[in-house]
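Enquirer: Let me give you the structure first, and then I'll get to my questions.
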Amino acid sequence: MLGSVKMEAHDLAEWSYYPEAGEVYSPVNPVPTMAPLNSYMSLNPLSSPYPPGGLQASPLPTGPLAPPAPTAPLGPTFPGLGAGSGTGGSASGYGAPGPGLVHGKEMAKGYRRPLTHAKPPYSYISLITMAIQQAPGKMLTLSEIYQWIMDLFPYYRENQQRWQNSIRHSLSFNDCFVKVARSPDKPGKGSYWALHPSSGNMFENGCYLRRQKRFKLEEKAKKGNSATSATRNGTVGSATSATTTAATAVTSPAQPQPTPPSEPEAQSGEDVGGLDCASPPSSAPYFTGLELPGELKLDAPYNFNHPFSINNLMSEQTSTPSKLDVGFGGYGAESGEPGVYYQSLYSRSLLNAS
């Protein structure tokens, strides 16, 4: 009995490690504290994946906890947000935009000009024509045209200098407008402007939005065409005459120019200093009736005037130093010594025969 009791005591010691299911209690872990949030995280509580109350460390159900104390906003908020924007607030915590933002949106829209001040869809020629046709005398001065346009269209009350220059340009460079001088009974400044009688109906059925055709005076057009054709004809005629002159100059042979008469060689010799510059007499007068042996027959005519011929070089040795030829350095002898001349001639002939 006692042993069994002892065994039960040992068994109780071993079975104490396995408690019953009803006696098991899950431990309650304390809620961990979060680090202080910065100002950026406090502004947007919806972006956080965790509930605003904190994190639960244990997945098991826990006992009832005390309700959390209300927390104050941890960081500053934007000035444009409402007072309800806090850490525990919802998306509706962002306040409505202030009146300054609404006013800025209204100013962002483009300023739209009223219809009465819009630019009229008429050209300057149309405006001038309307003003002149509605005048009692069918003519107006330049200042009256300006005033009529500004009274009818408020758009032209601004930037007057720009469109008034265009009006003057249209009056001056269009043939449909004619300048009329003032009559003595209507004194004043400036001439009148009227429509040309032949301009007719320039616009389609009185609609001034588009002109039917541009009016031009036929006289000016004819003068312009004639001047253009005359200019073209003159240009073509001058080009043709220049071509003819060039062709004549090419086809006509070049005429020899007259050479001035040369002065006698004796005078040039006297100017040089008394030297004998007379050309040697030709060999034809001396040998017309002379019969020479076969070995002494004359060769074909030879140019004795060549400065480097053998005849000139040999004659330089026989001639005296004071009687040199000016042209070729001592050719031949004086006219009074024919022997020396024939001696040089025969020596040349013998050299050629050999």
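Positions of Cβ are set from backbone N, Cα and C atoms, glycine also.
The DNA-binding region annotation in Swiss-Prot covers 118-209. The compositional bias 'Pro residues' annotation in Swiss-Prot covers 61-73. What Swiss-Prot records for 81-92 is compositional bias 'Gly residues'. Sequence annotations record features per position, and here Swiss-Prot assigns compositional bias 'Polar residues' to 225-237. Taken from Swiss-Prot, the feature compositional bias 'Low complexity' covers 238-254. Taken from Swiss-Prot, the feature region 'Disordered' applies to 52-92, 219-280.
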Enquirer: On the DSSP side of things, how many residues of the DNA-binding region (118-209) fall into helix, strand and coil, could you say?
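Expert: With helix first, then strand, then coil, the DNA-binding region (118-209) has 41 helix, 12 strand, 39 coil.
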Enquirer: Roughly where does the DNA-binding region (118-209) sit in mean pLDDT, to the nearest integer?
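Expert: Per the prediction, mean pLDDT sits at 86 for the DNA-binding region (118-209).
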